[in-house]
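Copied from TrEMBL, the annotated features are:
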- A:1-22: signal peptide (SIGNAL)
- A:M96, A:C109, A:C112, A:H113: heme 1 binding site (BINDING)
- A:M132, A:C155, A:C158, A:H159: heme 2 binding site (BINDING)
- A:H147, A:C311, A:C314, A:H315: heme 4 binding site (BINDING)
- A:M240, A:C251, A:C254, A:H255: heme 3 binding site (BINDING)
Amino acid sequence: MKMKPNLRLPVVGAALATLTLAACEPPPVDTVQRGYRGVGMELVINPDERARSVAENMPPDIIPQIADDDGPRAGDIYQNVQVLGDLSVGQFTRVMASITEWVSPEAGCAYCHEGNNFASEAPYTKRVSRVMFAMTQRANEDWGSKHVAPTGVTCYTCHRGQPVPEYVWAEDPGGPHAKGLARAEQNIAGKATVAYASLPYDPLTPFLSQDYDIRVASDTALPNGNRTSIKQTEWTYGLMMHFSDSLNANCTYCHNSRAWSDWEQSSPARLKAWHAIRMVREMNNAYIDSTADWLPDSRKGALGDPLKVNCKTCHQGAYKPMYGAQMIDQFPSLSKKTGVAVDMHKQGG
Amino acid sequence: MTGAITGYIDVAQLALYAFWLFFLLLVLYLHREGKREGYPLLTDAHRNVRVVGFPDLPDTKEYLMPHGQDSVMAPRQDPAEYEMAASPLDGTFGSAYHPTGDPMRDGVGPGAWAIRPQVPDMTIDGQPKIVPMRVATDFAVNEKDPDPRGKAVYGLDGEKAGEVVDLWVDRAEPQVRYLEVACSGFHAPVADTEGYEGTAEAGPRRVLLPITLARVSGKDGTVRVRSIKAEHFANVPTLANPDQITLQEEDQVCAYYGGGTLYATAERTEPLI
């Protein structure tokens, strides 16, 4: 009977289609116009995915500010308060209760404190916490108008109720390779850092820890001494993929792609991002690196560097962390450098 | 700066101008090559000018034909066309022509054909290229394909026009070019056969059907033709030699079926709305 091939083809075809066309999103999508009409600067948003992301990025319940500002200062009552000493005892306790919810809700106070000796410096987590207080105050006060205002940052922005923030990074040692061969540091499929492109897979180390120049485009039409290589351009592209992936936005969120380097054609978000790059470098170098001696190996990467901050650490797929939820106004003590935080900033540069 | 010639002119600019110049010359060259056939244009009979447009015709090129055939020149003075049984619908310039006789048989409109050599196309060995399988005995139908031989041929009206009796194959690039149809089954009399070669008698006659205008059923091998009715098979031009087909005959056979696409039914000439 000659019917056989006629039956087999559609079945095989349907099976192939099911296997190969798995990554599809159904229309309709939401779009946001980012540029002048016709320029093609548009964000495309899957409403279902966005709803899921909003649900995952809800701000936590905040302990209300019922404690009054009267009475003795925490620095006078307690023995070892170096940053939050200006708070009243009631406010100090509220901050301690909040940070517990934000960072170590399961382990509780004991995560950073030794037994009943709250003043003890023994747990490394307490020393790290102090640096993190300083870092938070620095971010809100000095980087506020440049990047984080008006929403500000708190412990929850990164930690989200976990002692180790979900999206931290360390230098990527790359995969295994034969002894006689050097790593290409790129051409690996499936690296989430660069949004699964095969671009250089660790653009964070040179650009968010070190301060290699990101700019590659020339200012002049004719070659005029711009020695930037194609390779450098690929590293910049890799970094930009990380930015884009972290904010779940495409390039046109910041750029007009006809001229990546032209600030006049960029959106104001690019200016925010420019400051963010400097802010993240400072966080990694001046604050997180200074905790490296205390941190156990489980808090370090394969090459021994501490787990660090990148865009995704705070943003977590939202164009603003927690979609712009306002938290810092409720915690004025985290929005201004106090105590040793002032000195830490100076030491960190 | 690298590449600067003056403050304004640079190498990229000159390279682009150079490309544009090359491109202009290329376009002109291609236009000249495009005029190796059909030029000079025909125009109003009373205007005694040579219409070639711009650029002018290229110099004549000679094509040396194999197997002792005459060379072909291009562009050339084309042979005189056959007289077309059609007249303008009205006197205005650009008016369409209307067939005056039997459009299926008069070679007008989609049924028109060109004056071509009265020799068959040849293989590289000098044999007639398109021949029936009774001549090209080393050919066979693929076992996975339906064999239309012995199967009925139906016209666009669904009537049976005849049966396939042989397949004409291309000996140079093996494939079926024509189906040979025996039209013995129909009884359509031919009313007016005057001056039309090969249609002097109705009854058992064999005609060719171009494979491109035949739809062979994958199930049973029967053949359907959409361009003409079954009765029109009576007038398909026949061959001077039953075992080969000349270039001229190929054009005339195909043009006959082509004419049917507009003239086989009255509705086909009419607009849709």
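A Cβ is built for glycine as well, from the same backbone N, Cα and C atoms used for every other residue.
A TrEMBL annotation is a machine prediction, not a hand-curated record.
Quick caveat, the model's predicted, so the values are computed rather than measured.
Location within the structure of each feature annotated in TrEMBL.
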| residue | record | Cβ neighbours (10 Å) |
| --- | --- | --- |
| A:M96 | heme 1 binding site | 16 |
| A:C112 | heme 1 binding site | 23 |
| A:M132 | heme 2 binding site | 21 |
| A:H147 | heme 4 binding site | 19 |
| A:C158 | heme 2 binding site | 24 |
| A:H159 | heme 2 binding site | 20 |
| A:C251 | heme 3 binding site | 15 |
| A:C254 | heme 3 binding site | 24 |
| A:C314 | heme 4 binding site | 23 |
| A:H315 | heme 4 binding site | 22 |
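Around A:H255 (heme 3 binding site), the same-chain residues at least 6 positions away in sequence with a Cβ under 8 Å from its Cβ are A:Q265, A:S266, A:S267, A:R270. Looking at A:C109, A:C155, A:M240, A:C311, the binding-site residues in this record, the fewest other C-beta atoms within 10 angstroms of the C-beta turn up around A:C109. A separation of roughly 14 Å, to the nearest angstrom, links the Cα atoms of A:H159 (heme 2 binding site) and A:C311 (heme 4 binding site). Cα spacing between A:C112 (heme 1 binding site) and A:M240 (heme 3 binding site): 36 Å, rounded to the nearest whole number. Within the set of binding-site residues A:M132, A:H147, A:C311, A:C314, the entry lying nearest in space to A:H113 (heme 1 binding site) is A:M132 (CA atoms). Take the CB of A:H113 (heme 1 binding site) and look out to 10 A: across all protein chains shown you find 18 other CB atoms. Checking each of the binding-site residues (A:M96, A:C109, A:C155, A:M240, A:C251, A:C254) against A:H315 (heme 4 binding site), the C-alpha distance stays within 10 Å for none of them. In the three-state DSSP classification, A:C314 (heme 4 binding site) falls within a helix.
The record gives A:H147, A:C311, A:C314, A:H315 for heme 4. Within 8 Å of the mean position of their Cβ atoms, the other Cβ atoms in that chain belong to A:S246, A:L247, A:A276, A:V280, A:K312, A:T313, A:P321.
On a Cα basis, A:C158 (heme 2 binding site) lies 5 Å away from A:C314 (heme 4 binding site). Taking Cα separation as the measure, A:C158 (heme 2 binding site) is nearest to A:C311 of the binding-site residues A:C109, A:M240, A:C311.
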